[in-house]
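My structure is below; once you've seen it, I'll send some questions.
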Amino acid sequence: MLPQRVKRAITENPKKLANLIDLANLPSTLREFVGQSQISRLGCFMRVWSYIKANNLQDPNNKNVVICDDKLRSILLGKPRVELAELPALIKLHFPKERK
Amino acid sequence: MFWVTIYFLLNRLLLKFWAWAVPKKIIQLVWIGLAQACLRPCLLKPCKTLKSQNQRRRKRKRRKKTKKMGKIPPSFRTSTVPVTTLLKNPPAVLPKQSTVLETPQKPHHFPKKRPQPSGKTKKTRTPIEDPKSPVIFNSPNLLDAKKLFASITTTSTTPLDFRFHNALLQSYSSISTVNDSISFLRHMIKSQPSFSPERSTYHILLSQSCKSPNSDLSAVHQTLNLMVTHGFPPDRVTTDIAVRSLCSAGREEHAIELVKELSLKHSPPDSFTYNFIIRHLCKTRALSTVYNFIDELQNSFQLKPDLVTYTILIDNVCNGKNLREATRLLEVLGEAGFKPDCYVYNTIMKGYCILDKGSEAIGVYKKMKEEGVEPDLVTYNTLIFGLSKSGRVKEARKFLDIMAEMGHFPDAVTYTSLMNGLCREGNALGALALLEEMEAKGCSPNSCTYNTLLHGLCKLRMLERGIELYGVMKSGGMKLEKASYATFVRALCKEGRVAEAYEAFDYVVESKSFDDVTAYSTLENSLKWLRKAREQGLAS
């Protein structure tokens, strides 16, 4: 099911993906974390995820939960614990919504 | 250390050998219609016998089949062979700022090297003596090129033969304009009286003029005229090079025009060139254009399509799911006095399999038997694939035994097709059992086998076995395919094992299985789905 859907999404609606790849101007909080003024949503996700991995921020008892440090808290709405499942949605908040 | 040196030298040697072998090889391979990219696999093993050529042909067919027919089954492609390198021409060798001379990409201008002596004597040659040590032209400026040429000729101690000049010209032409290249050639002739250009020298110019993006054929004509005035009227090789260069530059109309013109004046295309252009036209133009072209050549120059041409045409219409046209072509082929061979039948069978028409595929098989055409491995693989795909796994299974009886040993493609069929039926355990059977028979599964299984297991909610399999794939460094990855991630999310889904995402990125964007959007979609399911209380 999914691959065909993704394929269709790519061929029919290139803008949907553009929203993932296009560089966006970052708000100041995120700019501090990333160290760049512009980044794509995909790039930003990769940064955050590799930051989590590098600093071993996953809860050792439940790998699905991230225990945020100060730096991470500043960009993830100040939550102390974030589920991995929410991560993409939280990062998306920093980026401009899709224009329709 | 010694062996490393030997190995290196041997490689060099073989590259060279390839370089001279190509003019012939190209012609042999033309009808296969794959461009230079295809030559690479056989680079180290120039094969001479018809048998090995046949094997190659078959291999190609099989590869193609694995690719083409992989449309619906999720993971049917052999990822060991990057399919793109097989089907696409290598990027049309556009001028780069610096081109090293000895790129193995375009050696077809260098004619026969001296007849290959036994390997040992050549091994002792040090690379320094090689006249074709890399020379780089940095600027397309003619004056700079002349200066560089002068400095090379004055410093060189060994006598320079025409191959050296060809190499220089090749290097320069890759960055300059056609006119500059011609001037440079004139300059070389003038300043080095010992150098007399060969046909191949002009072929370099020809291919350059074909590749330059012109709106007409004037540059090509200029080069051809130059050839004629210097006593090299265009021959088959000229036609071939011109057609290939034009096609690789996307100038099919010009290629057609030039073929007609050359057939009229000098040399008609041989069957390899002819089939190359047909194949290329099939890919890029409407079918009517191809038919018009065939008719025109037949009427004006008595150039008739051969069996290979018909196979190409049938293949093309079958891929377009136009089976009626394929049947018509089969009749035309018979009227033209050809007897369909194994490859024609395989192609038609593939056409039916694309359309999920198992009975018709069996019909083709029976017809082959009636006509006395011996089915080969590809036939059986196609048949088994088609039957599995249309849900007739039991019958497919029977053919597994039949093919073994006929002396064709089932390979990874056969088993993967069967596993795919079993998974579609919902019999994942049967598929796993088949994997064991396959390994017991000494046939090693490839990455698409694993991908098929992973996909099937995840679909059939046997996630634990799937994770196990994924572990095997990871330790084998196999690439994931989009479909199996997506199913896997979805299954993991369904179980609330998000961390593992992230891990799979990391593996895809790390192993470069496919692009990050797809990997991420798949993951994101699955997580989105998870959130919705949780809201509705459907998932933990």
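Cβ coordinates are placed from backbone N, Cα and C, and glycine is handled just like the others.
Quick paste of what TrEMBL says about this protein:
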COMPBIAS  B:54-70  compositional bias 'Basic residues'
COMPBIAS  B:106-125  compositional bias 'Basic residues'
REGION    B:51-74  region 'Disordered'
REGION    B:98-135  region 'Disordered'
REPEAT    B:306-340  repeat 'PPR'
REPEAT    B:341-375  repeat 'PPR'
REPEAT    B:376-410  repeat 'PPR'
REPEAT    B:411-445  repeat 'PPR'
REPEAT    B:446-480  repeat 'PPR'
Same chain, outside the repeat 'PPR' (B:341-375) by at least 6, Cβ under 8 Å from its Cβ: which residues?
57, 61, 65, 68-69, 71, 307, 310-311, 314-315, 317-319, 321, 323, 326, 330, 333, 382-383, 385-387, 389-392, 395, 406
Summarise the repeat 'PPR' (B:341-375) by DSSP state, stating how many residues are helix, strand and coil.
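The counts are 27 helix, 0 strand, 8 coil.
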Looking at the repeat 'PPR' (B:376-410) alone, can you tell me the average pLDDT?
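PLDDT averaged over the stretch: 89.
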Mind checking how the repeat 'PPR' (B:446-480) divides into helix, strand and coil residues in DSSP?
26 helix, 0 strand, 9 coil
